[in-house]
């Protein structure tokens with residue numbers, strides 16, 4: 001069985017960026033239906049089909065979205081009749097993700113979880129706690145088909161798209177971890193969600209936009225997060241960017257640009273051969289105009305590749321007078337890559353030139369590098385490569401999730417200004 005990328009302009013070759021068909025082998029049938037995949041009316045129909053009053057679905061939804069109760073914590077669901085809990089939870093909260101490994105660093109303020117889906121696909125999410133907010137970086141695909149050579153995820157290829165519920169589950173888990181004080185810093189509240197984990201979000205357009213609506217909607221419909229705390233990244237799938245502008249979702253759009261010229265960007269971001277810099281930025285400005293939201297321009301600083309002052313000038317020229325902010329990311333190391341992050345002096349020079357040209361610029365305060373949880377490092381690597389392991393239980397014994405068992409600077413992470 002094959003499946004194609006969910007591009008609104010039709011399938012494209014994510015590895016070369018050329019307009020040909022992209023196929024991948026699915027490991028199994030679609031993930032089980034989960035309440036996060038369903039509208040409120042659809043959930044109520046499920047309850048009625050089980051011989052229960054429709055409002056039982058609302059009760060289950062409130063436990064999940066508002067109380068953040070695990071489906072295996074049936075004793076906490078005292079408003080559900082005991083004989084109805086099993087059928088309702090089996091139908092509305094099936095097992096989707098099982099934690100295969102959990103790693104932490106930054107004095108316990110950063111936690112990466114590797115998840116295994118029911119069909120064996122692997123994905124990762126990262127929770128990061130800052131003094132003024134808590135952010136979760138979620139995956140939208142298992143793997144990635146965009147083929148960017150400096151990104152570990154892209155080098156592993158694409159396994160499949162994630163379902164809406166598989167995306168939402170990563171967020172609900174993060175909210176639960178913070179509420180239950182399982183992360184350093186005491187009890188907290190999830191404030192930001194960034195679609196910057198594994199995968200190209202806009203290549204899984206339908207599931208990602210549905211997940212955004214679930215995250216924004218109030219309980220029992222959804223999690224009730226602020227749309228302004230949500231960020232969707234893209235390497236530049238132009239038709240999907242334009243489509244997103246019309247969705248009525250005032251989320252932040254982050255464009256992974258990495259080069260101001262087509263010659264270099266063709267090498268760094270292969271999809272650029274399909275949609276070059278001018279088209280990507282035109283779609284970004286359209287998004288900013290329609291939504292009123294400032295676009296974040298993501299730019300990985302690679303030593304001797306894209307960090308010269310001439311390219312800073314070229315970037316400033318492209319962004320002059322636009323509703324945009326540049327988020328510079330010192331390249332994070334990935335296995336097999338000879339590229340390195342720009343030296344601090346080079347970073348400062350790049351920032352200085354952009355700021356001299358009037359461009360709002362920050363440098364990401366990278367989190368999670370030592371556990372391969374930083375930007376471009378997510379690859380669901382084997383547990384043996386990890387440096388510090390909090391939990392490395394076998395998948396079979398790990399507690400499943402959902403089982404009847406940004407701020408100034410980068411919206412994704414903390415930022416610092418180099419002076």
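For all residues, glycine too, the Cβ spot is worked out from N, Cα and C.
Some features that Swiss-Prot has for this protein:
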ACT_SITE  124  active site, proton acceptor
ACT_SITE  375  active site, S-methylcysteine intermediate
BINDING   144, 148, 151  [4Fe-4S] cluster binding site
DOMAIN    130-369  domain 'Radical SAM core'
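Annotated features taken from Swiss-Prot, shown on the structure.
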{"residue": "124", "record": "active site, proton acceptor", "CB count, 10 Å": "26"}
{"residue": "144", "record": "[4Fe-4S] cluster binding site", "CB count, 10 Å": "27"}
{"residue": "148", "record": "[4Fe-4S] cluster binding site", "CB count, 10 Å": "24"}
{"residue": "151", "record": "[4Fe-4S] cluster binding site", "CB count, 10 Å": "27"}
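Residue 148 ([4Fe-4S] cluster binding site) carries neither a helix nor a strand DSSP state and counts as coil.
Cα spacing between residue 148 ([4Fe-4S] cluster binding site) and the residue listed as 'active site, proton acceptor': 18 Å, rounded to the nearest whole number. Spacing of residue 144 ([4Fe-4S] cluster binding site) relative to residue 124 (active site, proton acceptor) is 12 Å (Cα to Cα, whole number). In this structure, residue 124 (active site, proton acceptor) is part of a beta strand by DSSP. You'll find the Cα of residue 124 (active site, proton acceptor) roughly 14 Å from the Cα of residue 151 ([4Fe-4S] cluster binding site).
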